[in-house]
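First up is the structure itself, then whatever we jot down about it.
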Ligand code: FBP
Ligand code: AFP
C-alpha cells in the first residue's frame, strides 16, 4: 500500500511542505492515542510525550491544542499559527515558511460519549514581510491554501488530505505508525439522497433555507420526487467524512439569532479546509452567497454560513436562495 510520502511526492508537494504535514500528523498521532484513552486520558496521562506532562487533567481539546502548538513551534517550518482554542495568533519561528490554522479537536462534546471527533487544519504560505505575531497575514482567502486536511478519530484513525491535486484518504496503521493510502482521488457523487443539518434550528433559518429543507423532508410527496435521509453527528468532521465517502449535503446556515447571524462554523478552522477537500473531490462549497474559498476574512475567528457537498444538490440548494432575490 502506498505511503503518505510517495503520494505527496507524486502530487508535486515541496519538500518543506511534506515535512510540515508529517510534523502535524505526528501531533495528530499523539492526539489519536490520547483520544483512544477516553476517560482514562485524565487519569493515566500519556506514555508518549514529556512536554505536556502535568496537563493530563485538562480537557482533551485543550490538551490537543497544546500538543499541536508545541509540535509546530519546535519544527521551524511555521512562522505563525491560529487556533480555534487561542484568542490571538501564536507567533512561532521568524524563518518559518508557512502559516497553519487549526481546530485541534472538532466535535468536542463527542469526547464525553466516545463518538467521532477530529482535528482539522489548513496551511498557507507565510508572506516574507510578515512579523510572526501579525494577524493580518491570516487575512487571505481560502483560494491561497496550499494544503488542507482533517484527521478523524473513529473506529480507525483516518486522514483526508489535499494539496490541490485531488483529495486522498489514508488510514493510520497503528502497528507501524504510518498513514497508508486507502482511497486516492475521491470523487463525490454529484447527486445524493442524504443531508446533514441541525434541524432543531429550523425556526431560525431564512425562508429559502426553510423551503429547501421542507422539500427534502417532503421526500417523494414533495417537489423533489424522491426520499432523503438525514444524518447529524454533532461534529462537522464526522458529517463531512460521510459526505466525502458516499455523497451528501452538509449545511450550517446563518440564522436569525444574534450569535448565529453568520452561522456557527469558523472560516479558518472549519469551513475553508473542508471546502478545499470537498472541491478537490468534485463537490461544491458555498456560504449561500459565494464560494467559501473566495471569502476574504476580516478576523481570524470569523464565522460563515456553510453549504457543501455533492455538486448538483448544492447547486439546487443555492437556486432556492436565488429564487428569493
Ligand atoms: P445499519 O447498521 O443496518 O446501518 O442500521 C443502523 C440502525 O439500525 C440503527 O443503529 C440506527 O439508529 C438506525 O438504523 C438509523 O435508521 P435511519 O436510517 O432511519 O436513520
Ligand atoms: P464543538 O467542537 O465546539 O463541539 O463544535 C462542533 C461544531 O462546530 C461542528 O463540528 C458541528 O457541525 C457543530 O458544531 C454542531 O453544532 P450543533 O451544536 O448545532 O449540533
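Even glycines carry a Cβ here, placed using N, Cα and C.
All TrEMBL annotations are machine predictions without curation.
Within 10 Å of the C-beta of residue 103 (Mg(2+) 1 binding site) there are 28 other C-beta atoms, taking all protein chains into account. According to DSSP, residue 103 (Mg(2+) 1 binding site) is assigned to a strand segment. Among the features that TrEMBL reports, Mg(2+) 1 binding site is placed at 84, 103, 105.
Every protein chain considered, the tally of other Cβ atoms within 10 Å of the Cβ of residue 106 (Mg(2+) 2 binding site) stands at 29. What TrEMBL lists as Mg(2+) 2 binding site is 103, 106, 270.
Summarising the environment of residue 109 (substrate binding site), the number of other Cβ atoms within 10 Å of its Cβ, over all protein chains shown, is 11. Taken from TrEMBL, the feature substrate binding site covers 106, 107, 108, 109, 198, 264.
TrEMBL lists 4-183 with the feature domain 'Fructose-1-6-bisphosphatase class I N-terminal'.
Sequence annotations record features per position, and here TrEMBL assigns domain 'Fructose-1-6-bisphosphatase class 1 C-terminal' to 189-320.
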Minimum Cα separation from residue 264 (substrate binding site), reported as the residue among binding-site residues 84, 103, 106, 270 that achieves it: 270
Inter-residue Cα distance where the pair is residue 270 (Mg(2+) 2 binding site) and residue 84 (Mg(2+) 1 binding site), in Å: 9
For the substrate site built from 106, 107, 108, 109, 198, 264, further residues of that chain with CB within 8 A of the site's CB center: 110, 234, 235, 236
Candidates 109, 198, 270 (binding-site residues) - the one closest to residue 103 (Mg(2+) 1 binding site) by CA: 270
